[in-house]
Amino acid sequence: MSASRTVICLLRNDLRLHDNEVFHWAQRNADHIIPLYCFDPRHYQGTYHFNFPKTGPFRLRFLLDSVKDLRATLKKRGSTLLVRQGKPEDVVSDLIQQLGSVTAVAFHEEVASEEKSVEKKLKDICCQNKVKVQTFWGSTLYHRDDLPFSHIRGLPDVYTQFRKVVEGQGRVRPVLSTPDQVKSLPLGLEEGTIPTFEGLGQTEPVEDCRSAFPCNGGETEALARLKHYFWETNAVASYKETRNGMIGVDYSTKFSPWLALGCISPRYIYEQIKKYEAERTANQSTYWVIFELLWRDYFKFVGLKYGNRIFHMNGLQDKHVSWKKDMTLFNAWKEGRTGVPFVDANMRELALTGFMSNRGRQNVASFLTKDLGLDWRLGAEWFEYLLVDHDVCSNYGNWLYSAGIGNDPRENRKFNMIKQGLDYDNNGDYIRQWVPELRGIKGGDVHTPWTLSNSALSHAQVSLNETYPSPIIIAPEWSRHINNKSSGPSAKGRKGSSYTPRQHKDRGIDFYFSKNKGF
């Protein structure tokens, strides 16, 4: 009788059972499977340049939820999730030595250098122990091997070119089946306790009732969110009109935190979109979800093409910009006290909830890099710390893009904070939600408190530089929009605060499709 074959399934940013090729392969090639998640101490140290905490409280809470949920899912199927605190290469080495029956280690490949370094160490350990390494690619909608380019070096440097080629010539692989039962662990293994916030050097975050993302981590919640957004509310059918909203849970899909940890598969989202289009409706909104998944793919493939250049100060274009490192300006930005309410509201939402809308992210990044002239990596590392949905390629790709040294075909694109605020928060409801000291200012005037008369400020109980700061910078182009504010009822009317006025609904990353590209 041959010895039993044990496969270690090392899980990282793929915390799901559905459409997971690591489990799919292990089920066919093992007698025993060890699903393993390691809390790697390197993830709880400081960021590379500025030493902000690498994993903040909101993402840690989401991760703990996701690990607990995957363990519960596996237990229902005759298995469990082994949890260890330690470097994956050390934990795997110990398990190989302890068991003597490990025939393979399987995992999904990642893109960035820190993750690739772990993969190399794992391969070295397995080679020393004559254990097979089986790797897969599973984080994107389109598989890396199916891209219609002969080599990743052929990836276009402009998203639209990539999108058109992939949509014309690419194919999305079908979703893999979810096993009803998962092969058991070998005897004698302790499943391990899931660490606490304190054990990982963090403080548990306080819930904020204003959060646009009051959701729990895990595959179960991810699948429930898709069911809600597609099938229960039909919100997906109006996504393109609402996605630039600022307030509430359903203005956008909110899939990104689950995608970042792999709690939901992009191919499963695609499959469900196609099913929805066949059974309910197919329109620009349903397509736009795929369009956004393609952006996410694109930044992953840019990371593959350029490697560590996505982290370099001069970016993909090796463009020399005299970035400042003025920490007084940076602290005002990160704490939401720049004196520019649209920036401050977004930065406070991030600090208090770990989430910020796509519209907000584009604006605060433009403000940091183009208005303040600060080193874009300060912003990128601050986002890395706080975002619940931090994905290394999307975060750094978007920051390079905002800083004008990434994949943006337009030179010197800069957002006008006042115009943007009035376009997307016309009546100021979002500002008043997150900057309560300005609640006394009615309508669109809340975007520019420094332009109000002393009597108007006094009436609103606002005292500049005492209850709320004066702007740390005033860009000359703002003046064009200061007299266009609405101080009466919003054009949004009965549609509520997250509604985007029709003339602005197609602005943003989709500027590629627009002839009129004013920001």
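Cβ from N, Cα, C; glycine included.
In TrEMBL, annotation is done automatically, which means it is predicted and not curated.
Taken from TrEMBL, the feature domain 'Photolyase/cryptochrome alpha/beta' applies to 5-141.
What TrEMBL lists as FAD binding site is Y239, 252-256, 292-299, 389-391.
The site 'Electron transfer via tryptophanyl radical' feature in TrEMBL is assigned to W323 (among others). The 10 Å shell around the Cβ of W323 (site 'Electron transfer via tryptophanyl radical') contains 18 further Cβ atoms across the protein chains shown.
Non-local neighbourhood of W376 (site 'Electron transfer via tryptophanyl radical'): M313, W323, A365, L368, T369, W399, L400, S402, A403, I405, each in the same chain, at least six residues away, with C-beta under 8 Å from its C-beta. What TrEMBL records for W376 (among others) is site 'Electron transfer via tryptophanyl radical'.
Sequence annotations record features per position, and here TrEMBL assigns site 'Electron transfer via tryptophanyl radical' to W399 (among others).
As annotated by TrEMBL, region 'Disordered' applies to 484-510.
When Cβ atoms from all protein chains are considered, those within 10 Å of H390 (FAD binding site) total 23, not counting its own. Between the recorded positions Y239, W295, Y298, W399, the minimum number of other C-beta atoms within 10 Å of a residue's C-beta occurs at W295.
For K254 (FAD binding site), the same-chain residues lying six or more positions away in sequence with a CB closer than 8 A to its CB are A212, F213, C215, R225, Y229.
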